[in-house]
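Features as listed in Swiss-Prot:
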BINDING   SER56, THR57, ARG58, THR59, GLN83, ARG107, HIS134, PRO135, CYS136, GLN137, CYS263, LEU264, ARG291  carbamoyl phosphate binding site
BINDING   ASN165, ASP223, SER227, MET228  L-ornithine binding site
Amino acid sequence: MTAKTIRHYLQFKDFSLEDYEYVLERTGILKRKFKNYETYHPLHDRTLAMIFEKSSTRTRLSFEAGIFQLGGHAVFMSTRDTQLGRGEPVEDSAQVISRMVDIIMIRTFEQDIIQRFAENSRVPVINGLTNEYHPCQVLADIFTYYEHRGPIRGKTVAWVGDANNMLYTWIQAARILGFKLRLSTPPGYALDTKLVDAESAPFYQVFDDPNEACKGADLVTTDVWTSMGFEAENEARKQAFADWCVDEEMMSHAHPDALFMHCLPAHRGEEVTAGVIDGPQSVVWDEAENRLHVQKALMEFLLLGRLNH
């Protein structure tokens with residue numbers, strides 16, 4: 001693979017609509033193979049480096065199991081295992097690590113870190129999560145919606161809660177995939193427009209009232225009130241976000257067959273009630289599982305391109 005052919009997945013907008021149509025189709029195929037216990041090893045002897053500056057259950061398990069199921073291997077590295085944790089420049093780490101593996105996933109803090117890493121990498125780099133964006137999770141959410149309700153184009157998605165990496169990724173997805181996003185965040189926790197492309201403006205609408213944001217929604221989604229790195233603000237956030245808990249009353253404003261999603265881990269009684277997350281409209285377990293399947297399709301696509309079969 002030459003430098004000119006390398007593609008990275010650092011933000012949702014890095015792929016086109018056609019790319020997503022292909023990856024979602026491949027996700028369905030790979031999931032069926034998984035459910036049917038079919039052996040499929042297109043990435044035989046390929047190695048995935050997983051660099052974690054932020055810990056995770058779902059991200060590590062889904063990527064590690066995913067590359068193994070495709071015939072490859074994974075190497076886990078935390079800041080204790082790399083020179084990144086000891087002050088080595090990101091650019092130097094990228095040069096070294098990318099000479100020894102075939103693909104890299106990074107879960108870190110600032111988007112700038114993964115951007116600089118990718119600019120100096122000889123192999124594809126995947127964003128496993130940054131403070132600004134979480135494209136793999138939203139891709140899994142999109143596939144989950146597709147499984148349950150069909151294409152998301154023209155539908156309405158409601159976001160209730162913090163203006164975090166999930167929300168900024170949903171905004172990018174709305175523009176590329178052609179759906180409407182209605183969002184509501186508490187006063188003092190508003191959208192940072194510097195993280196939003198001007199082209200995305202027609203695809204989202206901001207509401208002060210979370211119930212109004214959920215009106216007619218086909219999908220209602222939320223996340224924790226206190227993301228990793230903001231623990232010192234936890235008590236203040238609990239007070240500020242009290243009216244942004246997705247409960248049965250809020251869901252009643254959505255479409256009658258609306259789905260509920262949460263990227264997990266969830267705090268029942270805070271951002272969502274047990275009645276909603278454990279209720280019939282919730283698809284959070286399918287959503288979590290689908291991280292495995294979309295990331296397998298993503299790695300296959302980044303390493304092999306479009307397959308004819």
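Cβ atoms here come from the backbone N, Cα and C positions, even for glycine.
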Residue pair HIS134 (carbamoyl phosphate binding site), ASN165 (L-ornithine binding site) - Cα distance, angstrom, rounded: 6
When distances run from the Cα of SER227 (L-ornithine binding site) to each of the binding-site residues SER56, ARG58, ARG291, the nearest one: SER56
Winner by Cβ contact number (other Cβ atoms within 10 Å) across the binding-site residues CYS136, MET228: CYS136
Candidates SER56, CYS136, ARG291 (binding-site residues) - the one closest to MET228 (L-ornithine binding site) by CA: SER56
Rounded distance in angstrom between the Cα atoms of ARG291 (carbamoyl phosphate binding site) and ASN165 (L-ornithine binding site): 16
Pairwise Cα distance for ASN165 (L-ornithine binding site)/CYS263 (carbamoyl phosphate binding site) [Å, integer]: 11
10 Å Cα neighbourhood of ASP223 (L-ornithine binding site): matching binding-site residues from SER56, ARG58, CYS136, CYS263: CYS263
Neighbour-count leader, CB within 10 A, binding-site residues: ARG58, HIS134, ARG291: HIS134
